[in-house]
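Enquirer: Once you've had a glance at the structure underneath, I'll fire off some questions.
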Amino acid sequence: MRECLSIHIGQAGIQIGDACWELYCLEHGIQPNGVVLDTQQDQLENAKMEHTNASFDTFFCETRAGKHVPRALFVDLEPTVIDGIRTGQHRSLFHPEQLLSGKEDAANNYARGRYSVGSEVIDLVLERTRKLAEQCGGLQGFLIFRSFGGGTGSGFTSLLMERLTGEYSRKTKLEFSVYPAPRISTAVVEPYNSVLTTHSTTEHTDCTFMVDNEAVYDICHRKLGVECPSHASINRLVVQVVSSITASLRFEGPLNVDLIEFQTNLVPYPRIHFPMTAFAPIVSADKAYHEQFSVSDITTACFESSNQLVKCDPRLGKYMACCLLYRGDVVPKEVNAAIAATKSRHSVQFVDWCPTGFKVGINNRPPTVMPGGDLAKVHRSICMLSNTTAIVEAWARLDHKFDLMYAKRAFLHWYLREGMEEAEFLEAREDLAALERDYEEVAQSF
């Protein structure tokens, strides 16, 4: 088996996790209590006869009673958000030990998440992680969900990643991170938290898929016609991307991509590991009946900034690597034609040291949408993961905000009070300046 453990940290990580497992259950025919629907049960039995290791088991563990339990852990330093899962629709899906919450929150403070409050729960979290890992025949790695801007998401995650590297050094660690949006901010100190956590986790993560709320908010508003998108609307779009990335781990397919393959194909140098995500088609239910989306259409759409889940202009950068993950009614011949057309367009530029650049995954299971959600059901979809130098725009924006506050030493006392030193801020900021330079260097011709 090649199991994956998902760890959902802080408010953003948990809310995305809740939506994620809701979608996985729909895709696999698992009811909110963990029991497989009868029709799916027959298919599952047949699948298990055909494949002794049904891909299904990479994300779910089957108990003796025949219940399917997610291989997941939810962690927060305060109980409010996790209590929502404990009392929500999927409360019977998870074992109580998978839902871990502390008594006091990190108060949007990296230092509290990493040092003071976080240090009190880290051993318990690692113990629960060990329990989940012991249930795996061949753990391939971790999927970590969090935000850069929150105290728990930034601080506690960096502490946990460090410890996971110590205990599971050979395992792949992929992150899904909510990056601070250019104009929408949930906390004034987001730039501090984001710079500190990027510095402290860079060497402990293999690949970080970034999403920003403003980009997703705009997509929901513009393409789905949602007047004021809620967190639920935003998360349901984000989890379509997560589902596309993990589909090849959960379903059999002709051109499937393994966890370690993402890293191998997307990360040319260890530090350059922040791919952007894009998704197509994004269409509302009332428009879907009037439009047909060919493989060529959806492939073209993915290279447009309006379909990307991070605010930056891909035309300003060069692509180093690109992973195209198709789902549904897609054949390789059409994909090859779409890629050839993309390469002929001048707006899509690759660095000269990586002229081929495309990795393709095809999974024949069509995408599933949430009933009553904003997205329409479609026959085929694409998720694009691209490592492009254009992402440097996002880092530059973040560093600028950090500099404005740090020049006045604004809000610094909250961090120093928790035991941090100014030197840590300077070191983190220097590391991000180096990251900007790294991206600029790889874009240059030899």
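Any Cβ shown, glycine's included, is placed from N, Cα and C.
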Enquirer: Pick from Asn33, Asn235: which one does Swiss-Prot list with Gln11, Glu78, Ser147, Gly151, Thr152, Thr186, Asn213 for the same GTP site?
Expert: Asn235
Enquirer: Write down the single range among 1-4, 109-112, 157-160, 401-404 that appears in Swiss-Prot as motif 'MREC motif'.
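Expert: Matching range for motif 'MREC motif': 1-4.
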Enquirer: Within the chain of Glu261 (active site), which residues six or more apart in sequence place their C-beta under 8 angstroms from its C-beta?
Expert: Lys359
Enquirer: Could you tally the C-beta atoms, other than its own, that fall within 10 angstroms of the C-beta of Asn235 (GTP binding site)?
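Expert: Result for Asn235 (GTP binding site): 24 other Cβ atoms within 10 Å.
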Enquirer: Would you mind ranking the binding-site residues Gln11, Ser147, Thr152, Thr186 by how many other Cβ atoms sit within 10 Å of each Cβ and giving me the lowest?
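Expert: Comparing Cβ neighbour counts within 10 Å for the binding-site residues Gln11, Ser147, Thr152, Thr186 gives Thr186.
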Enquirer: Looking at Cβ-Cβ distances, which residues of the chain lie under 8 angstroms from Asn213 (GTP binding site) while being 6 or more apart from it?
Expert: Val178, Ala181, Ile184, Ile234
Enquirer: Would you mind listing, in sequence order, the residues at least six apart from Gly151 (GTP binding site) in the same chain with a Cβ closer than 8 Å to its Cβ?
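Expert: Once residues fewer than 6 apart are set aside, Gly151 (GTP binding site) is near Gly10, Leu77, Asp105, Ala106, Ala107, Asn108, Asn109, Tyr110, Arg112, Gly113, Asn193.
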